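Per TrEMBL, the features are:
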DOMAIN    2-52  domain 'SAM'
COMPBIAS  53-91  compositional bias 'Basic and acidic residues'
REGION    53-101  region 'Disordered'
COMPBIAS  92-101  compositional bias 'Polar residues'
C-alpha cells in the first residue's frame, strides 16, 4: 500500500502472501498471477531488494552486538578468576599476625 499498489492487496491476501513470504519471492514468482504490470513488478522488486539489504544490515549489527557482549562476559569471567586466584593480602596479613602471637 505504501507503494501505491493497493490493487494487489486482495490478490496477495487470497494467496496467503504475507511480508515474510513476500521477501522470499523472486521476479518470476511475482509475475504469475500476482503482479501483472512489469512496472509494478519492478517497483516491488526494488523495494524488496532494499528491505532485504536493510534486514541483512540489521542482522549483522545484531551479531556484532552479541559478539561484543560475549567478549565482555569472557573478560569479566577472566577477571573474576584472577581475583579468586590471588590471595587476599588483608586476610593473609591477619593470619600471619595471629600466628606470630
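Cβ coordinates come from backbone N, Cα and C, glycine included.
Taking the domain 'SAM' (2-52) as a whole, pLDDT averages 81 in the prediction. DSSP labels the residues of the compositional bias 'Basic and acidic residues' (53-91) in these numbers: 36 helix, 0 strand, 3 coil. Helix, strand and coil counts under DSSP for the domain 'SAM' (2-52) come to 34 helix, 0 strand, 17 coil.
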